[in-house]
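Going by TrEMBL, these are the annotated features:
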- TYR19, GLU83, SER106, ALA107, MET108: substrate binding site (BINDING)
Amino acid sequence: MKIYFAGSIRGGRSDVDIYKKIIDHLNKNNKVLTEHVGDYNLSIEGQKQLYNGYIRNRDIDWLKESDLVVAETSSPSLGVGYELAYAERIGKPVIILHNKNKSQLSAMIEGSSYFKDINYYKTIEEAIEILDKKISRQC
Ligand SMILES: O=c1[nH]c(=O)n([C@H]2C[C@H](O)[C@@H](COP(=O)(O)O)O2)cc1CO
């Protein structure tokens, strides 16, 4: 399965270790299209060697091509919010992972009836267990 993983870049990189672990785990049996989100070398400036327009269009193409969107939303990010709204608009399946100890999820996400698969977790082990259960049901 092709997976679009969404996580904060310019919204802040404090959860990059979580993104990396989730991406590495998902990549064992799937293809994560947005591996760069979990790259420790990618700073808050983002992919500054690329034009913003290129990044936006490439990512939307990947989002359309994916079978599933997995979004880690604990670090609030405009880009992740945009991707989630786009996924909602085109009817793409979405799994959201959120650590309540880090932030409160936006009402625009939690309040949308489209996002039924919102999962609160505390540890990375818990997040991976949630994903494994959900993804085995999707296959
Ligand atoms: O350089 C980038 N590359 C990139 O793929 N993105 C996409 C993927 C992430 O899921 C999301 C992060 O948005 P933001 O940078 O607003 O936190 O946007 C975002 C940026 C920078 O905004």
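Placed from the backbone N, Cα and C atoms, the Cβ positions cover glycine too.
Each of the binding-site residues ALA107, MET108 was scored by the number of other CB atoms within 10 A of its CB, and the lowest score belongs to ALA107. In sequence order, TYR4, ALA6, ASP59, LEU63, VAL69, ALA71 constitute the residues six or more apart from GLU83 (substrate binding site) in its chain with CB-CB distances below 8 Å. Comment: substrate site residues TYR19, GLU83, SER106, ALA107, MET108; largest CA to CA distance 23 Å, whole number. Of all the binding-site residues listed here (TYR19, SER106), it is SER106 whose C-beta has the fewest other C-beta atoms within 10 angstroms.
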